[in-house]
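> Sharing a structure below in structure tokens format, with a few things to ask.
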Amino acid sequence: EPAEERDAGNHTLVTEFVLSGLSSRPELQHLLFFTICLVYSMTLIGNLLICMVTAHPTLHTPMYFFLRVLSFLDISTASAVAPKMLVNLLSEDSSISYVGCVTQLYCVIFLASTEWYLLAAMAYDRYVAVCSPLRYAAVMNTRVCLSLVLLSCCSGNVVSVVQTAWVFTLSFCGPRRVNSFFCDIPPLLALSCTDTSLYEKQVVSATVLVIFTPFCLILLSYACIISSILKISSAERRHKTFSTCSSHLTVVTLYCASGTLIYLQPKSSNSQDTKKILALIYTTVIPTLNPLIYSLRNKEVKVVLIRVM
């Protein structure tokens, strides 16, 4: 057993955690390894292609700049979880150090929060493009785009620092087994030997702040966008505009559904296996789908992608 110390209060001082993984059935480990490895590879290849394509001179617009940042965040989110998960699937030792768990939780929350604020910035970009096309170039200039990305990162960092610090001020007095494939808030709360009711309320508040506030702003933006689209006389222009916006809405819906079910009720009645599947979708599957959603529904991206290939 890994070394453990005891403090003055006779509580076990945890120096490392053990990740339970996706499944406890040994016969599924190799199948899961190859499946996750394939999905992770697709995430890397797809998002790297999006980064290359959106850097093309013909796609130097704010929408593609935000899409390039989104792809970078998707790569980072998957990389914060998938490599460790792959190693644990082939190894008998699935432990993670205390510092490693803190780092992983911080990275996941930071990247997820930043991505939510970036999706709100992308909705604002679409709002200006559709509702004020004549002022678009002046409003969405390079300085504004960089400021929105920087603001998203700073907001995500504040949320992540507060959440991570609060989780690890709790006492973990055993067992050390985290019932998940990565260090996440709900399974870590289950290991605490202190009262977590106050923290659970704080998690709900943070979920509302990080998910529902941007989501409401996105819905408000798209209410104005849809109203403007209906006023467009050309059916072809209406279809093109709606196609661009629907890709963004699809991604927002996927993130909102999975994130809400995981974090809105840290100790909900949902089974832990269900939460594992939702967390896998949130951290690994959705980053793989983003390039497909944006490239398959965007003619400009497809044209440049063919040129690059």
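Including glycine, each Cβ sits where the backbone N, Cα and C put it.
TrEMBL: automatically predicted annotations, no manual curation.
Sharing the record's features from TrEMBL:
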DOMAIN    46-294  domain 'G-protein coupled receptors family 1 profile'
TRANSMEM  31-53  transmembrane segment
TRANSMEM  65-83  transmembrane segment
TRANSMEM  103-124  transmembrane segment
TRANSMEM  144-168  transmembrane segment
TRANSMEM  206-230  transmembrane segment
TRANSMEM  242-265  transmembrane segment
TRANSMEM  277-296  transmembrane segment
> Check for me, if you would, whether the transmembrane segment (65-83) reaches the transmembrane segment (242-265) - at least 3 Cβ pairs under 8 Å, residues 6 or more apart in sequence.
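Contact absent: fewer than 3 Cβ pairs fall under 8 Å.
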> Where else in the chain does the transmembrane segment (144-168) make close Cβ contacts, counting only residues six or more beyond its ends and a cut-off under 8 Å?
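Counting only partners 6 or more residues beyond its ends, the transmembrane segment (144-168) has Cβ contacts under 8 Å with 62, 65-66, 69, 102, 105-107, 109-118, 120-121, 124-125, 185, 188-189, 199, 202-203, 206, 209-210.
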> Average pLDDT across the domain 'G-protein coupled receptors family 1 profile' (46-294)?
84
